Amino acid sequence: MLYHLAMALEGVYSGFNVFQYLTFRTILGVLTALGIALLVGPAVIQRLVEHQIGQQVRDDGPQSHLSKAGTPTMGGALILVAIAVATLLWSDLTNRYVWVVLLTTLAFGVIGGVDDYRKLALGNSKGLSARAKFFWQTVVALMAAVFLFSTAQSPLETSLIVPLFKDVVLPLGLLFIPLVWLVVVGSSNAVNLTDGLDGLAILPSVLVAGGLAVFAYATGHAVFADYLGIPFVAGAGEVVVFCGALIGAGLGFLWFNTYPAQVFMGDVGALALGAALGILAVVVRQELVLLIMGGVFVVETLSVMLQVASYKLTGRRIFRMAPLHHHFELKGWPEPRVIVRFWIITVVLVLVGLAMLKVR
């Protein structure tokens, strides 16, 4: 909104030209979302406490988690508001990628919000049924996929890019649609599974968003894309502002979510953040790189899948408890140690992913 106002006033005062620069607007997006989260956060937490919107804790989990019962949850709504406001203020709202990324994120937030509400209303940790949750996730993801497929302006926008190999592009055709579904739904649920410790999911989400922001900037810049040997996708660079908003909102939320957490994001935040990372990777055509940068989310998900498969096939469990972070807790690792080590791993994986920009 303010971007369009500044462009309209460009002829009145030349200083408004600065708003045409993507980097400047991204910085504003970071600061705006961060400011909203930090300023509004205490009031949101207080309101959640007053309405007794507290976390329900499983009694079969680590005993140390029982003390978390009653901690305010659904704080992810704060993240979504901060992201939405910052994105709407500083993005080019005529850009289709901005809208598909923002609306997909918010839609998954609504799904997560309904899930959180049912948990609170029913007084247990079950929430929305897995079938219902999966159905609505599929509906939203397919809508985004069909939109991107139908508005694609070149075959590159619906092709799979293989990292490390220059000019290796696999045209997908209609297979692009199920790929988008898999990436968005998979990423959403992976982040949700990871969100089991204080700050464990939010900082890796911020770090991966930062990595994808670099890819988005390069992908949307014809000169950089040509130099780096990656596909040029016109308009994709504009989602960097959204990435900045996510980073700012995430850091602001981490201020209150760091151990010991004053508030949890709930499914309203976790499902939305995962979907955001997934749809961002699709827009910049780096779905395979997302697997690397989001390796912590991938491993957490695989630990659950392996645990379930092993128990059903052999009656034995591979891990003491899944997802993987609970396994380390039950081994005696203090919660902060698990969290920080997962953060460190994510930093390394994001750097590896960024290195693939040049290694071709």
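From the backbone N, Cα and C atoms, a Cβ is placed for every residue, glycine too.
Residues or ranges marked as transmembrane segment in Swiss-Prot (evidence: sequence analysis): 26-46 (among others).
Annotation source Swiss-Prot lists transmembrane segment at 70-90 (among others), citing sequence analysis.
Taken from Swiss-Prot, the feature transmembrane segment covers 97-117 (among others), and the record attributes it to sequence analysis. Cβ atoms under 8 Å from those of the transmembrane segment (97-117) belong to residues 73-74, 76-77, 80, 83-84, 87-88, 91, 127-128, 133, 136-137, 140-141, 144, 147-148, 184, 188, 192, 235-236, 238-239, 241-242, 266-276, 279-280, 283 of the same chain, restricted to positions at least 6 beyond its ends.
What Swiss-Prot records for 132-152 (among others) is transmembrane segment, and it gives sequence analysis as the kind of evidence. Sequence-remote contacts of a segment are chain residues at least 6 beyond its ends whose Cβ falls under 8 Å from one of its Cβ atoms, and for the transmembrane segment (132-152) they are 96, 100, 103-104, 107-108, 111, 115, 158, 174, 176-181, 184-185, 188-189, 271, 275, 279, 282-283.
Annotation source Swiss-Prot lists transmembrane segment at 168-188 (among others), citing sequence analysis.
Counting same-chain residues at least six beyond the ends of the transmembrane segment (199-219), those with a Cβ under 8 angstroms from any Cβ of the stretch are 22, 26, 191-192, 225, 228, 230-233, 236-237, 239-240, 243-244, 246-247, 250-251, 253-254, 257-259, 261, 265, 269-270, 273-274, 276-277, 280-281, 283-286, 289-290, 293-294, 296-297, 325, 338-339, 342-343, 346-347, 350, 353-354, 357. Look at Swiss-Prot and you will find 199-219 (among others) tagged as transmembrane segment, backed by sequence analysis.
What Swiss-Prot records for 236-256 (among others) is transmembrane segment.
Proximity of distant same-chain residues to the transmembrane segment (263-283), defined by a Cβ-Cβ separation under 8 Å and at least 6 residues beyond the stretch ends, is recorded for 41, 44-45, 48, 55, 68, 71-77, 79-80, 83, 97, 100-101, 104-113, 115-116, 127, 137, 140-141, 144, 148, 179-180, 183-192, 194-195, 201-202, 205, 208-209, 212, 216, 233, 236, 239, 242-243, 246, 250, 253, 256-257, 289-290, 294, 297. Residues annotated as transmembrane segment in Swiss-Prot: 263-283 (among others).
As annotated by Swiss-Prot, transmembrane segment applies to 288-308 (among others), with the evidence given as sequence analysis.
Proximity of distant same-chain residues to the transmembrane segment (338-358), defined by a Cβ-Cβ separation under 8 Å and at least 6 residues beyond the stretch ends, is recorded for 163-164, 197-200, 203-204, 207-208, 210-211, 214-215, 218, 228, 230, 259, 289-290, 292-296, 325, 328-329. The transmembrane segment annotation in Swiss-Prot covers 338-358 (among others) and rests on sequence analysis.
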CB contact flag for the transmembrane segment (288-308) and the transmembrane segment (70-90), at least three pairs under 8 A: no
Long-range environment of the transmembrane segment (168-188) - Cβ separation under 8 angstroms, sequence gap at least 6: 104, 108, 134, 137-138, 140-142, 144-146, 148-149, 155-156, 158-162, 231, 270-272, 274-275, 277-279, 281-282, 287, 290, 294, 297, 301
